[in-house]
Every structure is written in C-alpha cells, then in structure tokens.
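Encoded as structure tokens, the structure appears first; notes follow it.
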Amino acid sequence: MSSFYNEAKFLISDGEQMRIDTYAVGRKTMQQSDAFKGTFYENFTLVYALPLSNHDNSSLMLIAGFYALLFMFGTCGNAAILAVVHHVKGQDPRSRHNTTLTYICILSIVDFLSMLPIPMTIIDQILGFWMFDTFACKLFRLLEHIGKIFSTFILVAFSIDRYCAVCHPLQVRVRNQRTVFVFLGIMFFVTCVMLSPILLYAHSKELVMHEKVDLDQEVITRMHLYKCVDDLGRELFVVFTLYSFVLAYLMPLLFMIYFYYEMLIRLFKQANVIKQTLVGRRSGGEEKKLTIPVGHIAIYTLAICSFHFICWTPYWISILYSLYEELYQDTKSTASPPTYAFIYFMYGVHALPYINSASNFILYGLLNRQLHNAPERKYTRNGVGGRQMSHALTTNTRPEYSELIAIPSSSCRPDSRVSAMIHNNNNNTESLPLAQNISNMTNKDSATIVPMPMSANVDGNEIYNWITPDTESVIL
C-alpha cells in the first residue's frame, strides 16, 4: 500500500471548506482494500484526512494546562515522599519495620504511576484524537484504573492499620511487615482481576467522521480519527461499571468511615481515662501537654474522609450517568449532542481523581508525624547529657495504649511486647503489680484494655517518658 503526506482541503457536504494542514493525509487505491472488492468503488482512490487540532480553543488549553500542573505536582510530590521515606529508613533502623511508612511508600508509588497517563491525556485533548497504538492504549487504561482502584484499596488498608494500632494494640501479628505485604498482594490481585476486561478489550479504534465520494475523479475522501476506547460492549460495560462502583468506591468509603469512627471513639475514651489518671500529678500546662490531641486527630481524620469523598463522588456519579444512558438510550427518540459547557464540566469532573492522586502525599505523607519527627527522634532518643528516653512498645504503638509501660531504648527489642513485659518484671520491681495486671489482661479482648492506675511507688517524672509528643504519631 502506498501513501503520501501533504496539505489538503476537505469538502464538507454543505460546501464549507475545512483546511487540513500539518497533519498526515494518506492515500491508497481501492484495489488494495478488501472492503470494496466486487463493488462499484473497487477502482476508486481512498484519501484519509485528520481533523483540525484544538490548539486555538482557549478553554480547552486552560484545561490542558491544569492537567499539566497536576502532573508536575503529583509526580514531584510523590517522588519527594519516596525520597523522604528512604531517608527516614536509612536514619532510623526501627522505621524499617514501620507499617505506616510501608503504606505511605506503596501509596506514593501507585499515585506516581497513576500520574503517568496525564501527558497522553493532554495530547489527546489538544489534538482531538489518539495518536498512539493499541499497546499504548492498554497501558494508558491500566495505569489510569490502577490509580482509581488499587489506590483506594490502600487507603482502606491504611485505615484498618490505624484502627488496629489504636483499638487492638496487642495484636502484633496484624501489623507486621509480612501481614502488610500479604494484604497488599491480595488487593493487587483483586485489582488485576477487576481490570482484566480493560486489558482484553481496550484498543485504538478508528472512527470515520465524514466521507465524501467524487465520482468524476474517482476519489473517496474520508475524514477519520483514532480514539482509545474500552469497547466492552453493552452487557460487559454494565457489569464492569457496577462491580467497580461497589468494590472501588462504595465499600471502601463505608469501611473508611467505620474504622476511623471507631478509632476516634476509642481515642476519646482513652483521653478521658488518661486525663483522670494525671489529675493533680502535674501543673495545668504540663498536664495539657500529656493529653491526647483528640481534636486535632478528629479534624485530620475528617479531612481525609471528606477529601476522598469530594474527589470521587462526582466522578462516580458521571459514570453512573453514562451507565444510565447506556441502558436507556434505545428509549430516546432523539439525542442532542452535548454542549461545550457540559464537555468542559466533564473534563473537570474527570480531573478530580487525578487531584486526589496528586494530593494524597500531602494528607498521608507531609502531615504524618512519623515523617515529620523521625529525624528529631533519632537525636532526641539519646537525650541531652546521655539521658535515654523511653519509647513505646512498638514503632507505631502509642504509649498510652501500651498500658503506660516505660521501656528503656537499649534494653530490649522495640517490637517485642513480651520482652518488654519481662524486662519490666525483672528490672523494675516497683512496677511489678502493674506488669502483672497487664500480663493477666493479655488474653482478654484488647478492645477492653484501658490504662491501669499508676501505683504510689511510680515516680511522677516518668510520665514524660510514658506519654511523649510522639503519642499521636500512629494517627498523624
């Protein structure tokens, strides 16, 4: 098949001329096309033309510029979080077993990958057609939907991890690295199964916009373009949309609300118990520093759920609207084309998931106390003048949820609750009744555990070691 590239003019049926320049215009004879063999047009020459680009559309260029800013903001931000996590793990060996940092790291990787399709989206917006092949189309759809599904699954796992850290602090196996990676592997497998129809059917599809036949010159001029489409078919599209809505939006949203709500309820109860325990032992200013910042945690948690809800709800409403049109389009006698305002509005709606992926690193990374305070903890654990500070039983366990046991940093493994209790029994005889009470309670439901009252033999100065400024690190 021979082809050439030149400037051409495309004649619209009403006589209006549309200039086709800077684009390829291919030509081939009908003798080389199986579609017209044995027909009247068998010896006609077929000329292909591409439509004009949208570079002169100022509104669309503004949208493309906004997408470009999202791409730079999201990729740079998530890459910066990955660099910070790598630095923190290098400075503090204990953080290598930190499940919170693991979730933040995986979330940043997924959000970074979900930003990669944005340049292809911008090119498609400006040109008005898909300029890449089918393989690029499949890769584009895969990265786009991974950010929409797998990223949401990670946020749910993150909420479960924080819930377990607060409400079930003694369940160590639930929050170790092996369990986290098994959980992430299962979620990734479920994501791949959900996206299998996209991988099978997504391709670059040719769309013929207009065709004109010149009988005198025996030429057929066809204006066409390519679009990256899922092409699932009506039945499969309905099934795919419904189970994606339920599994990737509705259930994750309900899970996040439930686990964060239960976590806040437990924090309010624990804060009241700790406040009653510390009454009269310290001055008002010092006592305020030792309380749990429940209000700050509640605002932060509400911001997480609200931001996720705001970004994803309009998108899924638009998806359900397209599903409604797919199911009931046969009952419509006439279908008017969408207005420009509606098109621009839909561009904004579909930009919201990208905004969510580009901004997750702020809520889950920059606002996380473990990333903020990790360099400080490295130098403050040794203290001034060689004084060692105590830390919680595990990297992520808040001291007040570890029954207020003070554990020296160099005594035992920081991730071993059993060794911590043994150490307190052997070396701190004054706290023996407290340790025995905790040992007797380990077989009970951790949801019923509350801080035990301090005995009269316990030095009040140790409160600063039991409740440090890092007490909210697992939450924030």
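Positions of Cβ are set from backbone N, Cα and C atoms, glycine also.
Because the structure is a prediction, the values reported are computed rather than measured.
Topology check against Swiss-Prot: G128 and I362 fall in different compartments relative to the membrane.
Of the residues N57, N440, Swiss-Prot records the annotation N-linked glycosylation site for N57.
In Swiss-Prot, the feature N-linked glycosylation site is attached to one residue out of N43, N437, namely N43.
Candidates considered were C76, C192, C228; the recorded disulfide partner of C137 in Swiss-Prot is C228.
A gap of 22 Å separates the Cα atoms of C228 (disulfide bond) and N57 (N-linked glycosylation site). Residues 50-55, 60-61, 63-64, 67, 198-199, 202-204, 225-229, 347 of the same chain lie 6+ residues outside the topological domain 'Extracellular' (124-139) yet bring a C-beta within less than 8 angstroms of a C-beta in it. Here the CA atom of N57 (N-linked glycosylation site) lies 25 Å from the CA atom of C137 (disulfide bond).
Mapped onto three states, the DSSP output places C228 (disulfide bond) in strand. With pairs at least 6 apart in sequence, the transmembrane segment (140-160) and the transmembrane segment (62-82) have fewer than 3 Cβ pairs within the 8 Å limit; the two do not touch. For N57 (N-linked glycosylation site), no same-chain residue that is 6 or more apart in sequence has a Cβ closer than 8 Å to its Cβ. C137 (disulfide bond) falls within a helical segment according to DSSP.
Summarised by DSSP class, the composition of the topological domain 'Cytoplasmic' (161-179) is 14 helix, 0 strand, 5 coil.
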